[in-house]
Amino acid sequence: MNIFDDLSGGKSVFKNKKYLDHRFLPDKLPHREKQIKSIAKYWKEALDGVTPPNITIYGKTGTGKTAVAKFVMKQLKEIAEPNVRVEYIRCTDYSTEYQVLARLCQLMGKDVPFRGWTKAEVINVFKDTLRRNVYDEKPILIVILDEIDILLRKDGDGLLYTLTRTDNISILSISNYVDFKRFIKPRVKSSLRDREIVFPPYGANQLVDILEERADMAFKKNVLEDDVIPLCAALAAKEEGDARYALDLLRTAGEIADERGSDIVKGEFVREAKEYIEHNKIVEIVSTLPAQQQRVLEAILYLTKRNEEITSGKLYETYKKLSRGKDIVSYRRIFDFINELELLGIISTNTVSRGRGRGRTNIIKLQCDVSLLEDALWVI
Ligand SMILES: Nc1ncnc2c1ncn2[C@@H]1O[C@H](COP(=O)(O)OP(=O)(O)OP(=O)(O)O)[C@@H](O)[C@H]1O
Ligand SMILES: [Mg+2]
């Protein structure tokens, strides 16, 4: 008897869980027909030997940007390769100009070390490889730069400069932020001349369509209670129309059903799934914070539990007390920590006026559940 036989032999509400995985690329992407068509219309020019215009896709997290780009890429590759090359780069994996160009070389069959060369050397080899690889056949390379804001913030706009100054390259940039172009200098911006495509958040009804499509493939017949999908959709619509979150809720609700040995996925499992996911998210964020910042968070938790109004002054005092005089950072650093925690969505700050002559004060509020944070700080 093998332990894996035993595990897989247990009954499950799932037919095949992989269809609820983020990495699975569905053949149908409901409610993105317009965006798919826009990209295809621009890229079609490549089939006629014309370099397509650069494109920028904007949208909040989970609005289908990556899925749509990969979908259109797959379709174009089917009919256009080898005359047109399309390459996908995730800038979280390749986050500098050097790394992206080295990766593009590698994809075109030319191995370039990921460190050690000068940038100019990599640029030269890249252009040379391109000339040999792409120009011999038909002269077009489409580069998808997913999560481009990460690269711009870390390494500036050098990559865009190089790519826009190289003939016959078309760029598709994907960004979570509408204002990512503030990282691009005017001279690069003017040669980018991109067409913009916006991905709005999904509404609850749209999320229902998306989930139903995936649920049919992932679950056995008739295992979902009627309110499961609408509930996942409604909760995700509240979270800025995030399809990834909706899929996570559905998958986790199914996993809870399996864990309980239930033949059906109940509506209440979705609510439990929500708590479970939130818990994991906070634990993950908190556990990767530097120790000093965790102590600031502990101080916020301490004051919140005592129902005290938290000003930065009071926070600093409490932080010092909890640190027992060891490794204390300066009062100024506390402001950086507060900013970072706010960006992570764990706290919020609100400036209030104390009346004439008494200036303004920052009031800090915890944005996540007290017991959740307690768990998270306890875990680490
Ligand atoms: N219209 C859709 N139909 C079916 N599945 C979708 C649709 N839109 C998004 N999804 C699914 O939701 C998940 C998240 O989508 P995707 O990764 O494309 O989001 P994103 O906009 O790239 O988010 P991020 O900004 O966080 O990278 C993926 O699993 C994707 O397959
Ligand atoms: Mg994405």
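Going from the start of the chain as shown, residues are counted 1 onward.
Glycine residues also receive a Cβ, built from the backbone N, Cα and C atoms like all the rest.
For THR63, GLY64, LYS65, THR66, ALA67, TYR202, ARG214, the entry in TrEMBL reads ATP binding site. Under the heading domain 'AAA+ ATPase', TrEMBL lists 51-203. According to TrEMBL, the domain 'Cdc6 C-terminal' annotation covers 297-377.
Same-chain residues at least 6 positions away in sequence with a Cβ under 8 Å from that of ARG214 (ATP binding site) are, in sequence order, TYR19, LEU20, PRO26, LEU247, LEU250. Helix, strand and coil residue tallies for the domain 'Cdc6 C-terminal' (297-377), in that order: 42 helix, 16 strand, 23 coil [DSSP].
Working note on the binding-site residues THR63, THR66: by count of other C-beta atoms within 10 Å of each C-beta, THR63 ranks first. Under a cutoff of 8 A between CB atoms, and with a sequence separation of 6+ in the same chain, the neighbours of LYS65 (ATP binding site) are ILE57, GLY59, ASP146, ILE174, PHE199. DSSP assigns ALA67 (ATP binding site) to a helix.
Secondary structure at ARG214 (ATP binding site), as computed by DSSP, is helix.
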